[in-house]
Amino acid sequence: MTALARRAGSPVLLLALWQLAAAATAGQFLLAGPVAVGGWLADNPGLVGRALSASLANAAWGFLAGNLAAILIATVAMLWPRALNLLSGLALVVFCLPLVATGPILRVTMGPGNGPQIVLAALAVFYTTLIPLLAGLRAAPSVWFDLVASYGRGRLAALIHVRARASLPYLLAGLQIAAPAAFLGAMVGEFTGAERGLGVLTIRFTRDLNVPALWAVASVAAAVSIAAYGGIGALGRRFLLERPPVILAPPRLSRGSLAGRLQGCVLLAGVTLALWWGGIELFGLNPFFAKRPPDLLAALTRAPDAAATRQALLGAAGQTAALVLPGYLAGLALGAGLAVTLSLAPRLSGLVTPLAVALRSVPIVTTAPLVVLMLGRGAAGTIALVALMVFFPTFVACQHGLRQAPGQILDILRGYGAGGLAQLIHVRIPAMLPAFFAAARMGVPAAILAVTVAEWLATGRGLGNLMTLSASLSDYTMLWLTVVLVTGASVLGHGGIAWIERRVLRLYAPEQVDP
Amino acid sequence: MPARPPAPITCTGLARIHDNGVMALDPLDLTFAPGRTTALIGPSGCGKSTLLRLIAGLDRPTAGEVLIAGLPPARQAAQGAIAMAFQDPSLLPWLTLRRNIALARKLARQPANPGLVDRLIGLVGLEGFHETRPAALSGGMRQRAAIARALVTQPRVLLLDEPFGAVDELTRRQLARDLPPLWQPLGTTTVLVTHSVDEAVLLSDRILVLSPRPARVVADLAVPLPHPRALQVTETPAFRRIAAQALAALAQGVADSPALAAQ
């Protein structure tokens, strides 16, 4: 009974707070409480049901395609380890493509059907499955591979008999994150001119300022995401013996020299350019909207309006940076800070943690209109959205990291009479660092996604706005330029965090860097 | 169990320098007689596990070669002629005991032999645990299972890397008593790496005492005690004399080590 009460405690608390907040702000067109949301849903079951089934179908197809691609690439990387670095680099580039800009580009290439939603859903899940899967495929103890090799068998046998099964908990944890991500991708795809789906309703109700409807759609999206997240988690608990892994993106081993790594970067850039250019030539895409690398270079250098183009691009990038950096840093600081604070107050943690785990699965971007409703179209709303996007994964990862503190070392500290604060500073926080950095790294593309969506839907400034503006003006050169700029910044940001991560972990967790 | 013809192992000019530049083996020339058990003892990190891995074909020598019955280890491994047991029992946690043992035959590309699997489970004293997963077994039981897995392919060469190293002393003595009689009558050429002088004397026909890194042989001792050996043999004067010789050679090897002499 008490266990049931504890499990039900935080959702009931959340609903009560929600209703209270709605009552307190009644008449301000900000917040519709659970009662109003329930009422609106009861009045419009057909509308929501049709939109939901359209979004669900798109998300499901994207989920399937993106995950199959991830599994295929991971398999290739295991059988051909030399390709591992290049493949994961390319995957990162694909993951960093800004959905807000790829959406319109897909829309003009694929037409008004479901194609773009499905592709965006697939793009959204591809990386979140690939990275844990690669980690899982390599997570088995080396002696298991010795066993396979001692019978004269090679990589394929190791993949079949050891890696495939050993990676299942990681795959499942990746799929768990991927399920809400697919839903997010589908909804962003629907934002860009689809005919049906929850994303279409979101855009419509944002324009109408229909507060209860907007909250209802966001609630349905959140509920579906939490259900998918929970369902896959339950599947894992039912069929797997192992506990699910929490750090899904462990740091990559830093073997090899600086020159070797630079060579890898150049190779990655070259292959990316070749795939981009070659893809356009191969499919014979219309040069009006399919821009090649030299077209963009010319637009920035030789074109008559090159100076204006550069200025527009840099101006927008500056506006976006001014929002994404504070939001990203605030999200990291709040996530890590709350995790550390709660570790000193375990009882409070029991109430907050299940809530955070559930909210982590909510596609925050789909709630962008709500954040904008509450915090306005200015900087505060956008920064808050970015911070929220980064906050939940950081918080959950840091809580896990704090629990990894080695018990024997804590016992030694306790033996010297060290208090909770000393234990925190000397043992728990260093133990938290690997999880923190894993979250910080994965948070870079997430933050950029959040800021571009918010700029598009709300602020009318920055790169997100430039993307949608260029798309509606059919200025595809500018659209491609923003894609390259944002993707490049994401990949560089990700790489920069990974660089800091390696330096810090070499000091605090050397076993994670050089096994 | 029908035995395959015993296989001699010869190492010629065998040397291994690790990727980090550490020289693990001085060029070594060694022969392991077919069908006999040889124990390798030496201080920690002296390169005895490296030698075992080279014989298994898990690592490649920097210089020299290993031949098992005239063929390189990789060829013999591909024919299922080699089996290895590690300090970590390395059972796959998602497979039952029976399937863990059967997996070895699959990896060795041998036809399934459920009768042999069941018989070996009984012989190593795990009757009734066929469908149990490793997590539910004790450390000693897992080591018994690992030995059963190593024997299920009826190997010509059995390589044991401290297989009883991770269990408590009592279990260790029980395993050392119960398990060797399973392979000793089969004519399997066995190489055992161990830290324990007593275990080396108890299990082997010959003891090679290795020096600190880079490993070279400081003593080559015969163990002329009859098989099967009961645990009581450890109390006999003959046993204690060989153990004392081995221990003295170990100490001498450390004292003569060039690394220490330089200090």
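Using N, Cα and C of the backbone, Cβ positions are placed for all residues, glycine too.
According to TrEMBL, the protein has these features:
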TRANSMEM  A:56-79  transmembrane segment
TRANSMEM  A:86-106  transmembrane segment
TRANSMEM  A:118-137  transmembrane segment
TRANSMEM  A:170-193  transmembrane segment
TRANSMEM  A:213-237  transmembrane segment
TRANSMEM  A:258-278  transmembrane segment
DOMAIN    A:317-496  domain 'ABC transmembrane type-1'
TRANSMEM  A:323-345  transmembrane segment
TRANSMEM  A:357-376  transmembrane segment
TRANSMEM  A:382-402  transmembrane segment
TRANSMEM  A:435-458  transmembrane segment
TRANSMEM  A:478-500  transmembrane segment
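Panel annotation: around the transmembrane segment (A:478-500), residues 92-93, 96-98, 101-102, 104-105, 251-252, 291, 295-296, 299-300, 309, 312-313, 316-317, 437, 440-441, 444-445, 448, 452, 463, 466-467, 470-471 of the same chain, lying at least six beyond its termini, place a Cβ under 8 Å from a Cβ of the stretch. When the stretches A:56-79, A:170-193, A:213-237, A:323-345, A:435-458 are ranked by Cβ pairs under 8 Å to the transmembrane segment (A:382-402), first place goes to A:323-345.
When the stretches A:170-193, A:213-237, A:258-278, A:435-458 are ranked by Cβ pairs under 8 Å to the transmembrane segment (A:323-345), first place goes to A:435-458. With a cut-off of 8 Å on Cβ pairs spaced 6 or more residues apart, the transmembrane segment (A:213-237) and the transmembrane segment (A:258-278) reach fewer than 3 such pairs and are scored as not touching. Residues 95-96, 98-101, 127, 131, 188, 191, 206, 246-251, 319-320, 323-324, 327-328, 331-332, 335-336, 364-365, 368-369, 371-372, 377, 381-382, 385-386, 388-390, 393-394, 396-398, 400-401, 404, 464-465, 467-468, 486, 489-490, 493-494, 497-498, 500-501, 504-505 of the same chain lie 6+ residues outside the transmembrane segment (A:435-458) yet bring a C-beta within less than 8 angstroms of a C-beta in it.
Residues of the same chain lying 6 or more positions beyond the ends of the transmembrane segment (A:170-193) and with a Cβ under 8 Å from any Cβ of it are 54-56, 58-60, 62-63, 66-67, 70-71, 99-100, 103-104, 106-107, 112, 116-125, 128-133, 135-137, 139, 199-200, 202-203, 221, 224-226, 228-229, 231-233, 235-236, 240, 244-246, 248, 361-363, 365-366, 453, 456-457, 471.
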